[in-house]
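Colleague: Once you've had a glance at the structure underneath, I'll fire off some questions.
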Protein chains: 2
Amino acid sequence: MHTRTVFFISDGTGITAETFGNAVLAQFEMKPRHVRLPFTDTVDKAHQAVRQINHTAELEGVRPIVFTTLANMEVLEVIETGCKGMLLDMFGTFVRPLEIELAVKSNHRIGRFSDVSKSKEYDARIAAIDFSLAHDDGQSNRDLEGADVILVGVSRSGKTPTSLYLAMQHGLKAANYPLIPEDFERKQLPPALMPHRKKIFGLTIQPERLSQIRNERRPDSRYASLENCRNEVSEAEAMMRRAGIRWLSTTTKSIEEIATTILQELKPERLVY
Amino acid sequence: MHTRTVFFISDGTGITAETFGNAVLAQFEMKPRHVRLPFTDTVDKAHQAVRQINHTAELEGVRPIVFTTLANMEVLEVIETGCKGMLLDMFGTFVRPLEIELAVKSNHRIGRFSDVSKSKEYDARIAAIDFSLAHDDGQSNRDLEGADVILVGVSRSGKTPTSLYLAMQHGLKAANYPLIPEDFERKQLPPALMPHRKKIFGLTIQPERLSQIRNERRPDSRYASLENCRNEVSEAEAMMRRAGIRWLSTTTKSIEEIATTILQELKPERLVY
């Protein structure tokens, strides 16, 4: 099979073009070469993009696939007119029918982000990242009332990446607490968390997978041994069951899937999408 | 104007549906109500979704807008047949022309993530998050050879969120170092960074905006005073110019825009998109 190149052209960051383009391409068994052309916001840059696409078409002998999210009509026109790729105009395809449905013209605003220094929503997102970092791994019990979510689980069950993702993508203040031998002996959740039970969500993981992850960090340690992992996981699950908190297994799940499940369950009010 | 509800239906997390749907909706001056229906992966759940959409249509007196990213054809069919919303089938619209272009059938794979416990790419992403956390705010000089990017800048110029974003979304190992008075006195970048100059990227920010951000943290402190911010920023910019490193101003930019610009400039090889 020929090499195929996929271009993602945007007048903003190109993240939307690429997220969506990748989801569409995941429907096919192919590993195309990716070229992202962000900030393509002038007619000059559009002509450059056209030259690059057409050059690739010649070299590879097949036309490249070109995903665009362009709000600037002049830029789009240059690409529509000159480009020898297969053009998939993601905005035009859906914006035009929506203009009819909503009976208004689109504003051709470029990108999802306008000047962030004037955005309260953006400030909240940065504050959520600060909070989640300060409350990573049980570092601080201060201001837990301010938390939207508190994750608990054994070491390396996925708490830290999930907390940071919830903060970064959803503007949620996410604290996380490790469950450790002292908790298992007391057979109770960490005492500082008790007043906030409604916000707690547990993460668990298969002992075999946990042992594999821990072995990458500390090979052949007791910490990583399958026996120890089995023991910690079974203690942690028993505790979560007793405490009556919601929990899920992260074994085969991505950060995005874990976060989406938590959001569905906890439905926190302050949700920035 | 009536309230409008927008539904995002997916058999996976729904993140792609929502990212793309939001970008399309940003082209219109409207603040619709958002309902995300992730993991809609059975005919039963599809019928539930249809009931919810049609109920909303009745209540609001206008048809809801329904973005779908559904790989499961049975689920899609239930929604196409029963739903009284305006259906925007994001996969079908682009997958069908691609099937013709590529001369293969799509595989109807659900979601971007298959079993992550078997994915090397996913492991690399988690390792990048670990690395970036361990190298946040100049915490560690260890293993800087392993870094893909090293960000420098004054306190609160945007280094930490950008590092975490680069790790989480692009699987890049991103260290970050604060520029502090000792560095300004020595008039040189932190010595530990000198061997890695090619990987360094500077962040700067307008003193007025910096003072505003710092005042939220430590109101009326010398640290947050406009005079001190002006001084730090001018020292930092002079140092970056002398060192000949690339840099940008974060004043009005989102994390995504900063990260995209850095990627364009540094073009690190190990790039997970």
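Including glycine, each Cβ sits where the backbone N, Cα and C put it.
Pulled from Swiss-Prot, these are the listed features:
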- A:Gly153, A:Val154, A:Ser155, A:Arg156, A:Ser157, A:Gly158, A:Lys159, A:Thr160: ADP binding site (BINDING)
Colleague: Can you filter A:Gly153, A:Val154, A:Arg156, A:Thr160 (the binding-site residues) down to those whose Cβ is less than 8 Å from some Cβ in chain B?
Modeller: A:Thr160
Colleague: Does anything in the same chain, at least 6 positions from A:Ser157 (ADP binding site), have a Cβ under 8 Å from its Cβ, and if so what?
Modeller: A:Leu203, A:Thr204, A:Ile205, A:Leu210, A:Thr250
Colleague: I want the residues beyond A:Gly153, A:Val154, A:Ser155, A:Arg156, A:Ser157, A:Gly158, A:Lys159, A:Thr160 whose C-beta is within 8 angstroms of the mean position of the ADP site's C-beta atoms, in chain order.
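Modeller: My list of surrounding residues reads A:Asn176, A:Pro178, A:Leu203, A:Ile205, A:Thr250.
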Colleague: Hey, what's the Cβ neighbour count for A:Ser155 (ADP binding site) at 10 Å?
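Modeller: Step by step: centre on the Cβ of A:Ser155 (ADP binding site), count other Cβ atoms within 10 Å, giving 17.
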Colleague: Tell me whether A:Gly153 (ADP binding site) sits in a helix, a strand or coil according to DSSP.
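Modeller: DSSP assigns A:Gly153 (ADP binding site) to strand.
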Colleague: Counting only residues 6+ away in sequence within the same chain, which have a CB under 8 Å from the CB of A:Gly153 (ADP binding site)?
Modeller: A:Lys159, A:Asn176, A:Pro178, A:Leu179, A:Gly202, A:Leu203, A:Thr204, A:Ile205, A:Ala236, A:Trp247, A:Thr250
Colleague: For A:Thr160 (ADP binding site), list the number of other Cβ atoms lying within 10 Å of its Cβ atom.
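Modeller: Step by step: centre on the Cβ of A:Thr160 (ADP binding site), count other Cβ atoms within 10 Å, giving 23.
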